[in-house]
Amino acid sequence: MGFIDEVKLCLKAGDGGDGCASFRREKFVEFGGPNGGNGGKGGNIVFISDANLNTLLHFRYRRHIKADSGKNGAGRDRSGTAGKDVILKVPVGAQIIDEESEEIIVDLDKPGMEFQVAQGGKGGLGNTNFKSSTNKAPRHFTYGQPGEEKHVLLKLKVLSDVGIIGMPNAGKSKFLTRCSNSDTKVGDYPFTTVRPHLGMVKVDDSEVVIADIPGIITDAHLGVGLGHKFLKHIERCQILLHLIDVTHDDVVSAYSCIHNELELYNSDLVEKEEIVVLNKCDLLREAEILEKKNHLANYLNKEVLCLSINGDLQPILRLLSEKLKKSNSKEIDVYDPFKA
């Protein structure tokens, strides 16, 4: 299945139906009063976040979306039926952005969130509404109002507890494949991963969602190598797991390349908690590994972990789980657009 994380949509809510001007017509009733019904309301366009979706692929050939218009009113005080709402399901983590102003309309970052993006037009009034003591037979009615039309950009930012970052071929995909049920493609060449992958990892009594972010390269913050499409997914991660290929000639340079790109893209990303791991340690002698580990640890002034290609992942997974529990226990003030 393909992965689409951005799509432009043209939304048109339904127009309101027109009101009706009609009069009561019955045998032996010469001057029947007005009985024109109101027009029906136009359908709305509503977005709902669905935890069962993980891509915007279903919008690929559906860029113009229109809700039904309300029906016109009729005689005998019959109101037109309302237009049916259009319900659009999107993955959790989808943002709906106004294409013209570039402002975020809503951020659907929790399952089951519902938000009306385009409102249907009001139905027109039938002539019954204009009857008065001075106007017993009004012929006046109103037309329905047009529904809202909006051009929006849907952006999907993958939601995960942990984001695996690193240069291409650092072993991110294999790590995720080994510790989860993800079917990530693995190969011994750069850019095996061309889209984010999510995996669910069971750690003791906890579940951890881990995202394999495609390899980041120099100038990714400028969009090189689809950098913007990859970097935005890191914004949603609570913890970063930074994998570095221990066989790299300069592990400090390999670390700095990724760190700098994150900072240039969004300085908040480098404030996230980060666990640094030298990967593929079974490919070098112990003395070489220790030298590189100490060199990187001294540069970062923090602990650096080591991992073999087929080594035990449980210590790292338990560390991630513990840090997530601490992070989740902290009280965080989150802006909720659904609260007044």
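Glycine too: its Cβ is placed from the backbone N, Cα and C atoms.
Annotated domain 'Obg' per Swiss-Prot: 1-159, in sequence order, evidence recorded as sequence analysis. If you look up Swiss-Prot, you'll see 160-329 marked as domain 'OBG-type G'. Marked as GTP binding site by Swiss-Prot on the basis of sequence analysis: 166-173, 191-195, 212-215, 279-282, 310-312. Residues annotated as Mg(2+) binding site in Swiss-Prot: Ser173, Thr193.
In this structure, Pro214 (GTP binding site) belongs to neither helix nor strand by DSSP; it is coil.
In the predicted model, the domain 'Obg' (1-159) has a mean pLDDT of 91. Between Pro214 (GTP binding site) and Ser173 (Mg(2+) binding site), the C-alpha separation comes to 9 Å. When the Cα atoms are compared, Gly166 (GTP binding site) and Ser173 (Mg(2+) binding site) turn out to be 11 Å apart. Of all Cβ atoms in the protein chains displayed, 22 besides its own lie within 10 Å of the Cβ of Lys280 (GTP binding site).
Taking every protein chain shown into account, Asn169, Ser173, Asn310 are the binding-site residues, and of these the Cβ with the most other Cβ atoms within 10 Å belongs to Ser173. Between the C-alpha atoms of Ser173 (Mg(2+) binding site) and Asn310 (GTP binding site), the distance comes to 13 Å.
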